[in-house]
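Undergrad: Dumping the structure here so I can ask a few things about it.
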């Protein structure tokens, strides 16, 4: 090859290198521009949300008045029948809307008084209100409470005695009795043509006045608790024309609300939404100890020191966890009882009644212990394990402090719980996405807990409004601050561990679980990074899609493995991977970051990751 040709090729190569360098610079500029635009977009969304809230206030003012034809009677029924002095927020407005034949959706936090929004109109309208509720046990409890108030309410299910079923069916079709509320499950409506025919007759004689759908978020496939039998409810608006529909839930995002309206055929339903904030609740996220014995010891110490003699709930992931923890609490002198769906109904009821009466102090439960729990003086709710969604966490923690007095909500969090939970919910349509949102909440040690909840429920919120009623805001005044570090070098170590494990096993058995990955990474970075840092790094890479879970199904279980994620496959090795860390000495962290960028390494073992004491994680 001639020198002229070689020189020409070298020149072309240099030119291409220059073009590639320019493109890299343009990509970096575009990324920065994208970040700026995202910030502007989020700011506009917050303004729009605040404007929407203003519009909601206008709607509330229109309906929350005492000038309706039935207002005086409604107040009399409230005092004389329900023995209440005044309406809670949104109750009066919702009642006025459905009495005006308007479709409506009420979003009220757990314990906010949703039931009255259809129970009182049932007496006002002097006809039948059909209540669709998912749990038979909850239905039976409500009917018992209504009957104590002298209100005729009934249900139709597999356990209903024949004589009672006959009475109810005659009342539905003839409309000449005092039956005011009929409770059914969505399954009952979906599977019983006879039931639907009877309701049509009820409408024909002018007896059916209102349809109330409890836990209405279950209609939405994008909700945290979608139930297929709720899909049948899309026939109600067509089949029972002129009958208003009232949906009730404790939590619903805008997407879920839109989906519910579309599915039920009530696109212009009036939405009454209470603010998400419960000012009397103190939210805390604590690092879950590595061993179960240590975790039990910590919970026992917390209950004895801070909540001695006070009522509480502890939520666990599985029935086995419930039984073991309840046994451990009792062994430590705490009056506790387990509660889960696999218990006999009579045993569940007995545990519930003992807790309500104060005979036992703490109920240790799965999510089976939830809807319809009406005990105002719960002083603490502890989550022994990570909930499957923010909605679940908000509802479960919201069972504390219904009397308005101070209460504490404690969540114990550790990475290993992510994989336990994901293996249980991975087949739900939005299960993993909902779980990862919960992980973002739990793993964030910088952002006010109420800000995180507000973001999820699409409400405007300023950290200063929290009044130090969460662990983040409580420590912020004394906090040494945070530092954003580039963890791209450490990410390479993580990816190499995964790939080396796979390549070393010819039979494909080299897949690695999250817990095993943490052990190997901690050994690789021993003396340079703490185990807590390694845990936070894996979670960060998982949430940012540099890693992802891959599920393997066996006869007895579902196993979660961690594999290389989509984002890593398109990752430019020159780019940073920023991660925010609690930091005792921010300047030193930034200096270590600069050193890390400058380091030229040829193997994982040579990565300079700084000193252990630079970072306080989790």
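Yeah, the Cβs are placed from backbone N, Cα and C, and that goes for glycine too.
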Undergrad: Which stretch does Swiss-Prot mark as motif 'DEVH box', out of 210-213, 214-217, 218-221?
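TA: When 210-213, 214-217, 218-221 are checked in Swiss-Prot, motif 'DEVH box' belongs to 214-217.
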Undergrad: Quick check on the annotations: Swiss-Prot lists region 'Disordered' for one of 553-585, 586-618. Which range is it?
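TA: That would be 586-618, per the region 'Disordered' entry in Swiss-Prot.
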Undergrad: By DSSP assignment, list the helix, strand and coil residue numbers for the motif 'DEVH box' (214-217), in that order.
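TA: Output for the motif 'DEVH box' (214-217) reads 2 helix, 1 strand, 1 coil.
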Undergrad: What mean pLDDT does the predicted model reach across the motif 'DEVH box' (214-217)?
TA: 88
